[in-house]
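According to TrEMBL, the protein has these features:
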| type | residues | note |
| --- | --- | --- |
| REGION | 1-20 | region 'Disordered' |
| TRANSMEM | 75-93 | transmembrane segment |
| TRANSMEM | 105-128 | transmembrane segment |
| TRANSMEM | 163-184 | transmembrane segment |
| TRANSMEM | 196-218 | transmembrane segment |
| TRANSMEM | 266-291 | transmembrane segment |
| TRANSMEM | 303-323 | transmembrane segment |
| TRANSMEM | 330-350 | transmembrane segment |
| TRANSMEM | 362-381 | transmembrane segment |
| TRANSMEM | 393-413 | transmembrane segment |
| TRANSMEM | 425-446 | transmembrane segment |
Amino acid sequence: MSGTKPTEQHLERIASPDPDVLPDKHAAVDEELRRYVVAAGSVEVDEATSKRLRRLIDKRVLIVMEDAHLVGQDYSWLHTVIYFGILFAEYPTNLLVQKLPIGKYLAANIFLWGLTLTMNVFGFNFAILCALRVLLGIFEAVSQPTFLLLSSMWYKREEQAHIVAYWYGMNGVQGIVGGLFAYGMSHVHSSVLKSWQLLFVLLGSVTCLWSVFVFWWMPDSPMRATCYSETDRILIIERVRANQTGIQNRKFKKEHVQEAIRDPQIWLYILIQIIIQIPTGGLGSFSTILIKNFGFSELDTELLSMVNGAVQCVVLLSAAWLSRHYNQTILFQFAFLIPNIAGTAVLMAVPISNSTKVGLLIAYWCTLSFWGTTVLLMSLLSRNVAGQTKKSVSTASLFLAWAVGNMIGPQVFQSKDAPRYFTCFSVHMGCYACIVILLGVLRWHLIRENNKRDLLQEEDWRASEANLDNAFDDLTDRENLSFRYKY
């Protein structure tokens, strides 16, 4: 589309299921996707068209990823039990995401999550609450992996850090809105239901209603997005060709699983995720206790806890903007660890008193910068892993690691160490040191892989990053020599 916009008739002709359009060498392309894929280079999506398509996608896809996550974990009182449910469901649900219409499957899980949340009104003993929390974890297991897949399916690689930050940032928004709901409901007095029961009914009912909207609004894939014209569907697919990560393939490939197991970058993602979620899980669970221990009243603690969500949103959006603007990811992961380390050092060194409580609160907020490192890690996996089965297995592994880290995190806070939790913060310091080392190894590994491919490019043009011919052939990042890693 250089200079002139292609006519509707031209694109319809290109998109015809004529077998001559895609030769046999592209037999691995998903059958549904095959109808919309044109020969590499035959259609060029100019910048103006790309921006128009981006706005269309945001209205139809991003709105679901943001709002569906609004009440994701705010009222998971039995913190660790939920992660048992996630551990149990993560791999099966990722395989189902590959096989089923993604929008409909996501909507079904949102509905079941909301229904289970509503049933918490009957949680009058620990056994019932545990069972309900495990179910919440099972239905929640689909959310973040699905959003990561949607991010790579609809958006260009350079956009994905921003998109991941937007939907992950809803954790911060729900911290603000959820805190206001909880505070408001605590002032409601009813002879039928207690305030906490009303809160579950309200949030569960809203979630169920939202699932109906998601079922109707959310397209399963660019190929099935009947909300767009045939022309725009072709252009949306062409827009992400340069990602080299594909869009969809429903065939499970054993060789992709084997490659994921052997791939050093996947193991580095897993290790970094576990280690970084240990501070995350602990600080998230004990935030109100820490703030109260600084010397603030219960009311002040509730209100200040909402600021946590605002800080998180600022950190996530800043991380995404910096990563995209400077085309660097791992270097900014290092940068976002610096406030963590400084804040933790202050919490360990400064005694608690009335004169230091504001400074300690600011130091605690500094530790929340770990969200920047976390979200950039997710965007790395989204951009650096290709092949549908490999991506599903790798994403499931990443979120299993996320669950394990979040299970360990609260256990590091021991009541015998209160109110300073010196041992806990020492563990956090050790985690930050390990993350620095692992991020350094990851960056070195990705640069080395790119250099190897650049050398091959001198001998064979098929190894060139400009070769987009195999972009939709469901090749893994290691099989496709034209693929280049982001770091």
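Here the Cβ of each residue, glycine as well, is placed from N, Cα and C on the backbone.
Annotations in TrEMBL come from automatic prediction, not curation.
In this chain, the transmembrane segment (266-291) lies in contact with the transmembrane segment (425-446); the count of Cβ pairs under 8 Å, excluding pairs fewer than 6 apart in sequence, is at least 3. Below 8 angstroms of C-beta separation, residues 79-80, 83-84, 86-87, 90-91, 93-94, 141, 144-145, 148-149, 256-257, 260, 263, 266, 269-271, 273-286, 378, 381, 385, 421, 423-424, 427-428 of the same chain, each at least six residues beyond the ends of the transmembrane segment (393-413), sit close to that stretch.
Against the transmembrane segment (266-291), stretch 362-381 shows more Cβ pairs under 8 Å than any other of 105-128, 330-350, 362-381. Remote same-chain residues near the transmembrane segment (303-323) are listed as 161-162, 164-166, 168-169, 171-176, 179-180, 183, 287-288, 291, 296, 329, 332, 335-336, 361, 365, 368-369, 371-373, 375-376, 379 (criterion: CB distance under 8 Å, separation of at least six residues from the stretch ends). Outside the transmembrane segment (362-381) by six or more residues, the chain places 144, 148, 151, 160-161, 164-165, 168-169, 172, 269, 272-273, 276-277, 279-280, 283, 287, 290-291, 294, 307-308, 311-312, 315-316, 318-320, 323, 329-330, 332-333, 335-340, 342-344, 346-347, 350, 394-395, 398, 428, 435, 486-487 with a CB less than 8 A from a CB of the stretch.
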